[in-house]
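Visitor: OK, TrEMBL features for this one:
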type	residues	note
TRANSMEM	267-290	transmembrane segment
DOMAIN	269-551	domain 'G-protein coupled receptors family 3 profile'
TRANSMEM	310-331	transmembrane segment
TRANSMEM	343-364	transmembrane segment
TRANSMEM	385-406	transmembrane segment
TRANSMEM	443-464	transmembrane segment
TRANSMEM	484-500	transmembrane segment
TRANSMEM	506-529	transmembrane segment
REGION	550-581	region 'Disordered'
COMPBIAS	561-574	compositional bias 'Low complexity'
REGION	647-671	region 'Disordered'
COMPBIAS	650-660	compositional bias 'Polar residues'
Amino acid sequence: QVRNDLTGVLYGEDIEISDTESFSNDPCTSVKKLKGNDVRIILGQFDEEMAVKVFCCAYDEEMYGSKYQWIIPGWYENLWWESWINSTQCLSKNLLTAMEGYIGVDFEPLSSKRLKTISGRTPQQYEKEYNAKRGDGQSSKFHGYAYDGIWVIAKTLQRAMKYLNATNKHQKIEDFNYTNHKLGKIFLDAMNETNFFGVTGQVVFRNGERMGTIKFTQFQERKEVKVGEYNAVADTLEIINNSIKFQGLEPPKDKTIIQEELRKISLPLYSILSALTILGMIMASAFLFFNIKNRNQKLIKMSSPYMNNLIILGGMLSYASIFLFGLDGSFVSEKTFETLCTVRTWILTVGYTTAFGAMFAKTWRVHAIFKNVKMKKKIIKDQKLLVIVGGMLLIDLCILICWQVVDPLRRTVEKYNMEPDPAGRDISIRPILEHCENTHMTIWLGIVYAYKGLLMLFGCFLAWETRNVSIPALNDSKYIGMSVYNVGIMCIIGAAVSFLTRDQPNVQFCIVALVIIFCSTITLCLVFVPKLITLRTNPDAATQNRRFQFTQNQKKEDSKTSTSVTSVNQTSTSRLEGLQSENHRLRMKITELDKDLEEVTMQLQDTPEKTTYIKQNHYQDLNDILSIRNFTDTKDGEKAILKNHLDQNPPAQWGSSDPSRTNKDPIEDINSPEHIQRRLSLQLPILHHAYLPSIGGVDASCASPCVSPSASPRHRHVPPSFRVMVSGL
């Protein structure tokens, strides 16, 4: 009945009852359920024996200390736990640890006020007289209420008698019986009017119930200490100064208080990175001023000043995005943050494309001019380059507009696991973090990354193709390669680290900002610092650099040939490159023919005993060698002699023998190996002597062929009668 009444009163005061558990023997199951439901304040209704078991279970479940508050009846006997400690398996110190701080609730047996009561005695005088009269007899804590109860009866009868005398002289109090409802109502009204100060405090009835004083005690250091009282008549709670002691810094909470805390970017970190960004923008402005001021200088004019301005503009847009990346919920509202999600993405994307698109467009113009195979005069104006950059930006805008229309970026909040309060308060911190995300974030990022990656690959291709153009004012291939390398590496590292630190906004913002600052700064410096140095140290560098120097390195076994051509225009340059390529091809052909000639010569040096015949294809090789034109006018006659001779006398097949020839005179057999070697010993030196001056083997005025100093040893040991001059390239 008490529990039901208490439940009704609590609901009337908007106090939530999280759980109600009943038990008859083992309370541990109920204690576990209370902890599982995150109950912090427990009102217990049980006797001393069950109280010991409850606190033992509370110790096992760690439901004690600064986070919990137990409120139990206060009418237990003094040192009540000592009588029941042996009935459990709980140690005494563990039980006392769990009991520490509980609050007991009981009625006040005697008032603590030193005022005279209706009997003329103070509560303290009454208690002294009572103890003296009862002697050694057992006392009851209700004796004060019994004493005040007698006074209530006396005062009720007195008021009823006065009422009867005043209203109805024919009816007396002696006429009372339990069926006389009229007289019973007079008694009830007289009792409700009772109001006096007794030994138990102020005696007042409300709706038939005694309104008394409630005493609160707290278990502190193995004893109960009175900490306050509640006066039900005046509805006041009086707490004795500094008497109540909580084990924490403050009273326990009724449940776990979860406080959401936004993980925001540190203001000092944002200030430092913003300062670095401002310095970068100042540097970009200085480059812009330099580029505009010297736009008529040949060095700057040849490097496309308009494209340079676009590179600077893209760098400044990239710098500006850092300010937006650092603005989170601690600086702006939720609606503004959602707008910033879109704006900063657009600015960074457009800035990247503008800077690298302009750089790659410049390189494409150099590639188109110097790789003009048809050697036609080609003029590519800046307007065409602007159209190329505009096309790249148009692709960006198409992707971004589709992204914004189909699946726009939204503000999302990510909640993390609860953490204890660093200040030690009885609350749990749930970190939350703001993100800019949408439904298909991975797909859209993949499209953007793929496009930017293709753009960088295209830039690398152009840089590689134009690496041999030796005009510093035009050729930025080396710096483009360095920029692409640095930007690529930093972007990969930055994206990976940023993804891994998404739950740490300070680290993530620091990484992203430093990557943008580094990439933008290194790109601008690589493009403009060399021009600034060249223009300051050598103002005529632009004019001097218009003299093209082409170098062709050929690595062969015995020499390196380099050709330098200066003071030619673009058409002459392309023509010269074509001639050099054709020259190289012809030299390779000559080398192959030399090898064939050398092989035939070595075979002709073999003795007749070892070689009795020559393959037919050897004659064809000799005929091919001797048919080379454009070297000397005498070769035509020699070739004709050898050809006519071979046509009239075809060579014998391998392994064949004609019996009719065996008995003939060897001098008449003109196809014998001896005759062929004799003829070649005269023809080949003459042919080679005419051939060497054309390729730089020997001087044309040499009277007789001689072995080249660079000839291999195998060439130098040719017998004198069959010596053949062989030259290598």
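Placement of Cβ uses the backbone N, Cα and C atoms for every residue, glycine included.
Unlike curated records, TrEMBL annotations are generated automatically.
Worth saying up front: this structure is predicted, and the values here are computed from it rather than measured.
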Visitor: Does the transmembrane segment (310-331) reach the transmembrane segment (443-464) with at least 3 CB pairs under 8 A, where each pair is 6 or more residues apart?
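Guide: No, since the transmembrane segment (310-331) and the transmembrane segment (443-464) share fewer than 3 Cβ pairs closer than 8 Å, they do not count as touching.
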Visitor: Against which stretches of its own chain does the transmembrane segment (484-500) lie, if we need a Cβ under 8 Å and a gap of at least six residues from its ends?
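Guide: That would be 356, 456, 459-460, 463, 507-508, 511-512, 514-515, 518-519, 522-523.
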Visitor: Quick one: mean pLDDT on the domain 'G-protein coupled receptors family 3 profile' (269-551)?
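Guide: Summing pLDDT over the domain 'G-protein coupled receptors family 3 profile' (269-551) and dividing by its length gives 80.
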Visitor: Under an 8 Å Cβ to Cβ limit, what residues of the same chain, 6 or more beyond the ends of the transmembrane segment (343-364), are close to it?
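Guide: Non-local partners: 303-304, 307-308, 310-311, 313-318, 320-321, 324-325, 385, 388-389, 392-393, 396, 400, 409, 436, 448, 452, 455-456, 458-459, 462-463, 466, 476-477, 480, 483, 487, 516, 520, 523, 527.
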